[in-house]
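Colleague: Let me give you the structure first, and then I'll get to my questions.
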Amino acid sequence: MLTTDSDASKHLSTDAEVLPKQKRKFRWTVEDNDSPIEIYNATLYLSVMVFGILGAARGLDEGNIGSNISLPSFRERFGFNDPNKSENDLANLKSNIASMVQLGCVGGALLAVFTVDRLGRVNALRQVCVLWAVGVIIQLTSAQVGQLYAGRIIEGLAIGQTTTIGPTYLAEVAPKSIRGLCGCIFAGAVYLGVMLSCFANYGTALHISDSSQKQWIIPTSLKIIFAGGILIMTFLFCVESPRWLMKVGKEDKAAEALCKLRKLPASHPLIVGEINDINEQLLMENQAQAGNSFMNIVKEFIRVKANRYRLLVIAIPAQLLGQWSGSNAVTIYAPELFGVIGVKGVETLKMTAIAGVVKFISAYLGAFFIIDALGRKTSMYVGITLQFVCELYYAIFMNVVPEIHDSLKGSKKRASQGAVAAIFLSGTGWVIGFNALQYLMGSEIFPLKIRSIANSLVMVLHFANQYGNSKALPDMMIAMKPYGAFYFFSAVLAFSLFWVWFFVPEVAGRSLESIDDIFNLPWHQIGRHGPRLCPDHSELSKIHYSNGEVSYEEKGGSEHMVEDVNHSQREEDESIKDHKKDEEMA
């Protein structure tokens with residue numbers, strides 16, 4: 001096992017097998033001049049796809065349940081048409097059905113503290129798929145509301161784990177140049193789920209009789225298709241996280257897994273350097289604190305200044321500000337918000353589905369072209385600013401034109417159309433800004449020893465705030481009026497811009513192990529000056545690949561070259577072939 005820079009340098013100088021640089025076929029990827037093209041391969045992409053699409057679990061439920069509750073067949077099955085129920089009873093029934101998954105998600109996020117580290121990233125995903133399918137089947141076979149509650153809580157236990165399992169795995173296996181893209185695939189998949197479920201409900205509302213239970217069973221069954229498909233793909237495509245394998249002492253399997261993900265031999269400098277970086281961080285953590293019990297990890301959050309900053313200044317505020325920025329309100333209550341500005345009937349379901357399409361497209365445009373290319377902070381600035389402008393416009397519109405009716409004309413009519421566009425564009429701002437940050441930053445900033453537990457605790461707060469926000473919004477809309485609620489959301493977004501500027505460091509393009517140095521700076525320098533004061537010191541950052549040669553930067557800035565033996569052999573073979581051709585022509 002390599003533990004020092006000198007060991008790494010010595011290993012790099014012998015038996016290096018490096019393939020020559022090739023021209024990239026996919027121009028949307030971030031240019032990476034210090035890595036061979038082989039690290040961007042089908043094995044990596046398939047593993048990323050499986051864990052990335054896991055994000056759809058949450059979106060499928062968010063897009064499905066609100067529409068289900070409005071379907072006549074669902075309402076008849078679960079007691080909404082009971083004449084003995086008061087208006088308050090019906091409101092409580094509706095909110096309880098909708099929120100049971102969120103309550104289950106809190107338990108699921110806590111459960112992930114143990115499953116992700118005890119079972120491993122891939123096995124944890126497999127048990128989530130089984131649990132998810134069981135919860136949905138219980139719902140589909142429900143004859144009474146109590147069984148429906150139980151099924152939705154079990155589904156929530158699965159969904160709550162996905163927000164830890166997915167981002168953690170993606171951050172650990174992705175090369176640093178596309179780590180942001182891979183993390184955003186998970187975040188974007190949330191809106192793939194929203195989009196598909198909204199269109200499924202819209203289609204059944206149009207084409208299936210209100211008296212048929214298939215009207216709500218068919219769109220809900222979409223969740224089982226996703227759970228089963230992901231489960232099968234884990235056996236076909238997924239490679240376990242090398243960082244987790246190193247953490248549990250399986251060094252040989254870790255090296256084998258990393259070679260599969262990078263499509264490089266074990267002797268390649270990048271494999272050696274990455275294994276050495278992981279090992280170095282683990283050694284430092286083990287020396288700093290013996291034992292790996294839950295209480296010891298909790299003590300690390302309290303005693304270690306850098307971990308307190310990560311948790312209290314970045315991770316927790318990201319969830320608080322993000323969930324109270326109004327995005328959750330726009331997603332869950334989109335039909336009602338469209339109704340407030342004059343959209344009526346089944347058209348509200350169609351507009352909600354279109355809003356899902358806008359978010360889905362925006363999420364993946366951000367993942368492929370913005371997050372890694374511009375960096376985390378710039379993406380946050382763009383996303384939050386767009387969301388702020390749109391929600392402020394919506395608030396001003398509702399303040400100036402409080403009563404919406406079909407006879408709006410002239411400037412008021414055009415302003416109402418602008419309000420519809422504002423709802424769409426606010427979703428675009430959300431998926432580029434806060435939605436990407438709340439998953440991506442949490443999986444990047446915490447050290448390996450506490451990464452999975454930290455993500456789980458942060459996701460507990462995420463779902464608790466989501467539950468509180470969805471419960472509070474109807475009362476806010478009554479007490480503060482719709483415009484007052486959105487003025488409040490706009491104020492949260494304005495403060496968020498300052499928070500990003502002052503407290504959040506830029507970590508794009510850095511190895512996970514090199515991020516630690518930034519958080520050891522004084523608190524007032526981390527966000528504004530951290531990357532400049534703490535250059536990337538990892539082994540990977542010292543390796544440079546150009547024209548078939550690998551150079552390794554020693555401490556002190558000196559470099560030496562490592563010959564690409566494969567490249568030299570190919571040049572010799574080509575020379576022999578040319579010589580034979582000349583002889584044949586002669």
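Each residue's number is its place along the chain shown, starting with 1.
Cβ from N, Cα, C; glycine included.
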Colleague: Can you check which of 303-325, 418-440 TrEMBL lists as transmembrane segment?
Modeller: 418-440
Colleague: Please give the average pLDDT for the domain 'Major facilitator superfamily (MFS) profile' (47-508) in this predicted model.
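Modeller: A mean pLDDT of 84 is what the predicted model shows over the domain 'Major facilitator superfamily (MFS) profile' (47-508).
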Colleague: Looking at 180-204, 216-239, 353-374, 380-397, 418-440, which one has the highest count of Cβ pairs under 8 angstroms to the transmembrane segment (485-504)?
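Modeller: That would be 380-397.
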Colleague: Okay, the transmembrane segment (97-116) and the transmembrane segment (353-374): do they have at least three CB pairs under 8 Å, pairs separated by 6 or more?
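Modeller: Per Cβ check, the transmembrane segment (353-374) does not touch the transmembrane segment (97-116).
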Colleague: Residues sitting near the transmembrane segment (418-440): Cβ under 8 Å, six or more positions beyond its termini, same chain?
Modeller: 55, 163, 166-167, 171, 180, 183-184, 186-188, 190-191, 318-319, 321-322, 325-327, 330-331, 334, 337-338, 341, 343, 351, 354-355, 358-359, 362-363, 366-367, 370-371, 376, 379-391, 393-394, 397-398, 462, 496, 504
